[in-house]
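Record features, source TrEMBL:
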type	residues	note
BINDING	A:ASP455, A:ASP461, A:GLU464, A:GLU465	Mg(2+) binding site
DOMAIN	A:42-151	domain 'TRNA-binding'
DOMAIN	A:403-477	domain 'B5'
DOMAIN	A:727-820	domain 'FDX-ACB'
Amino acid sequence: MRIPVSWLAEYAALPDDLTTEALDAVLVEAGLEVEEVDDLRGRVTGPLVVGRVASIEELTEFKKPIRHCWVEVGEAEPRSVICGARNFAEGDLVVVALPGAELPGGFKIGSRKTYGRLSDGMICSARELGVSDDHEGIIVLESGTVGEDARPVVGLDDVVFELAITPDMGYCFSVRGIAREVAHRLGVAFTDPAAKAVEPAATEHPPYPVRVETDGCSRFTLREVRDVDANAESPEWMAKRLTQAGMRPLGLAVDVTNYLMLELGHPLHAFDRDALEDVMVVRRAKAGETLTTLDDVERKLDPEDMVITDGTGPLSLAGVMGGQTSEVGPTTRNVLIEAAHWNPTAIARTSRRHKLTSEASKRYERGADAAISLLAAQRAADLLVEYGGGTLVDAVADIDHREPITPITIPVDLPSKTIGVDYDRSTVVAMLEAAGCTVEGDEVLTVTPASWRPDLTDPADLVEEVARLHGYGHIPSSIPRAIAGTGLTSSQRRRRRVARALADNGFVETYTFPFVSRDRADELGLDEKDPQREAVAVLNPLDDAAPLLRTTVLASLVNAVRINLSRGAKDLAVFEEGLVFQPAEGWSDLEVVELPVSKRPEDEAIAAAIRRLPVQPRHVAAVLCGQAVPAGVDAPGRAVDWADAVEAAEVVAAASGVTLDVAQGEAAPWHPGRCAALRVDGVVVGHAGELHPEVCERLGLPRRTAAMELDLTALPLPDLAPAPVISHFPATLIDVAIVVGETVPAGEVEAALRAGAGELLDSLRLFDVYRDAKLGEGKKSLAFKLELRAADRTLTNEEGVAVRDAAVAVAAERFGAAIRE
Amino acid sequence: MSTDIEAGLLQPEALAGAVKDAAAIIAAASNLEELAAAKSATLGDKAPVSLARRAIGSIPGKERGEAGRNVNAARTEITGLYEAREEILKAAEAARILREETVDVTARTARRREGARHPINVQMDRIADLFVAMGYEIGEGPEVELEWFNFDALNIHPDHPARTMMDTFHIADGKGEYGSNMVLRTHTSTVQIHTMLTQEPPIYTVAPGRVYRTDEVDATHSPVFHQTEGLVVDKGITMADLKGTLDHFAKSVFGAEAITRLRPSYFPFTEPSAEVDVWFAAHKDGPRWIEWGGCGMVNPRVLRACGIDPDVYSGFAFGMGVERALMLRHGITDLRDIIDGDVRFPAGLKVEE
């Protein structure tokens, strides 16, 4: 909403010394967010005066017709001015920028020779002055004094505030509403612009036959003006204000309705009475009806849309936009003015349904003041008569189905209790009255909100009015007493430890948008039946190419890897932890459960409703490529491989206090021979290894890129851990090399040795894998270091050998393993 | 060899000469190898003091005592000279080895990859820590939400103007159409509802988290961003408590000089509602008020929808953008640096954890 200060000042008695900054602060304190302050006074600098065209000489020797004018500007002699426009005559008053003036865009006016004549100034158009976009010709003034400053005449003496209006302050989509707020804050007089007209009484016969057949219209009023020049140019003051408010003057009838909408906040509509046929009926649309609205769009109407119709069908989409057939046109002589009040919800729905937001719908959606419908229509008729020269028809239609406004009861101390400011009764009452409410009662107030405040429905709304109108600046700063909190939860602490551990181990944390393309599943090589293909889709994605929500973090994390590669990075280790989205089984067949808001929904209802939500576990994934250790002065460097990914998973596991069982796995998008399945307590919680070469190729990742992904949610939270037994006796060290078949996993041999060694085994480590023809075809030797220790004694060599033999015996039993001699 | 000659070795003058000679030999040794040879020459079997010891047997018994003492004294003196020299040479040798082992400590290649946490997540952890210190707990909720949690329960009914103000990502239903009744949460206020449905007051919760709106990426917008929600529901909670809590929060994020200012505003889930501005002294363009977030007293309708009696309890709630605060604090001018996944951003912006 753009509001010129001069318009505001007409209804709020602004002090003369009120600065722009002070008014800005006042508006903000009232809850009207100032988006822009447009100081028109600075648009044109230097001399800009009213001039009178004394004579016009038509110059025809040039490519286009040019006028050489002598213009009186209040000096001893008229000035010579060259002008290309033709919409003025000798004797007209115009706006002249004299040498030394500077127009918007840095256009400096000087004395110069052009078209063989001296041009000693410029006759200006509205666009050149930055007043409006109108470039149809130069401005011809209705009145003015030659030689005087032209700024006030064209509206360049004003400051325009552009305000953002919150949904609860619909009444501030008007000068009336804003003036009321400003007057209250400044403690100055407010004059209600609605009082400019006198409400007439409805007559037995309306100016035009009309029926209201919908409950969505609580008031419908009509006034009529005959033999009016509906397209007359609007008076300068009105055109100026419309322009300042950002609307284009189009002709008297339309301008009057727009002007009053801005001033009163009540939309109006002007019909060409002679274009109407039969009875006007206000009703809901019928299925199949269409209407071509003023924006030249043919709209299929919905049975919920409210329309104003005549014998030919819908004339206008009620409260939103008029139709083309009944508009005021060039030939209109008789104007029917409609001012009605529509159900806000119905208007909001229609507006949304047709994706059509108009100045009228914005106001009706937030609730216009039904009390002034007829006043607004009357005022429009008065202005038409005054400036368009018509006759006001006596007949008045006022179909009034308004419900009385429901009073709200509120304990007088509720504002104090809620805000923490001690408001006495008289303050509470004064503030509520300032909001336009009628207040009765003592300890408990009965408050009837004003007709323009449909947003006030609850005691809390009244509390806000008291606090707001008294001033938020008065609210003190206190702090609630600390309560007995329990800190982060175990899983929250784990989440931090995991991220910190990965960062400490050389991984950079990043996050990616969870939106992925439909092709991503193929790029990752997911099997046709892979459940990770089951994804939830966004109905209105920003990027149509990426409508799905990720089912794994890797699916989107690879995007970050690609960004870094494209920017020249080669060695990368990144990780991300975040939610993934897995559709709940059969969710789309489950019924949508409607939950109430008037009371807490039943637990069963909540549970049933939530059943349709995707399962959203928290995953952590890491990707590595390039060199794990860069080549340096003392080392040749080492390329990333599958083991780095497994180790990353182990970092996560260690930080989570769980032990991963690592076993040969096979899952997309990993290399089928270089993929580890990661289990905790027998449950697969993720995979790690080298990515499939084809996946790397499809995604543009370097060969041998390694990755891991773990379901953090699936990791059990650690229990109270038992303390380790610390032996003070020396360890017995034994190396053992075991020969097994090539296909036997080292991890399983290790597990067998552990099982066989029993309690005396302190640690076990694979330190060599050896293959040789002497071992035999398809055999390998695995060398382990065993560290044995007892809690209560130094082990003898015999005991050590016995443990080793027991360990090997289990390996032998499970895999036919033999000790390599 | 005659016994006279042997006995002559025992003469005090001879012993003194042997000591003098030995001193010269030991002093001449310039390294441990030469010192070993010197030891053999001065204290070895053929050394004068050793020969002198053997000669003791050839002299009369009553003279042996004194001769023995003289020989021992000479030997002790030579041993002392040797040990002193050995200590010096050993120290020189150790110093030589250390000198030869000297490296250029600046000729080094990093062996460890440098990791980093993302500043947005660190920022959210710090906020969590501040509120945990005040007794709060950290709330959580899903990112794909039922519309009821994102809108209805927060007093944003289907026809509410605010429902169109928020640019919501809707989840497609099973047929790929509208009507799934699910959205990507547009604000962390959903966590208020989860918290109130599962906990009895007193409730003191903050919920940092990821939210989604259909804004195209530019220097100040992203469809994926982060908020910190705060919710307190207790007996006797006032808007002054809200103001004090925000002042405390502001100081932690924007420095000790920070204060807040409340401006009337509108949110369906709070009444009264306010926008919070904060005075940021360290702004890169000079101290100023900056818009920080929204807040207000929990709307009794919201309490009621969650089964909390608004006649007994009152509460406040607030929501702040995490990115905006990070950008202001560190003078980041383009949001895309934060969100595009370039590892140089987390690696280069060290935020205190």
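Every residue, even glycine, has its Cβ placed from backbone N, Cα and C.
Just so you know, TrEMBL annotations never went through curation; they're auto-generated.
Each residue in the domain 'FDX-ACB' (A:727-820) gets a DSSP state, and the totals come to 37 helix, 32 strand, 25 coil. The Cβ of A:GLU464 (Mg(2+) binding site) has 31 other Cβ atoms within 10 Å, all protein chains considered.
Taking each of the binding-site residues A:ASP455, A:ASP461, A:GLU465 in turn and counting other Cβ atoms within 10 Å of its Cβ gives the largest count for A:GLU465. Counting residue by residue with DSSP, the domain 'TRNA-binding' (A:42-151) contains 2 helix, 47 strand, 61 coil. As a whole-number mean, the pLDDT of the domain 'FDX-ACB' (A:727-820) in this prediction is 92. The domain 'B5' (A:403-477): residue composition by secondary structure is 31 helix, 13 strand, 31 coil, according to DSSP.
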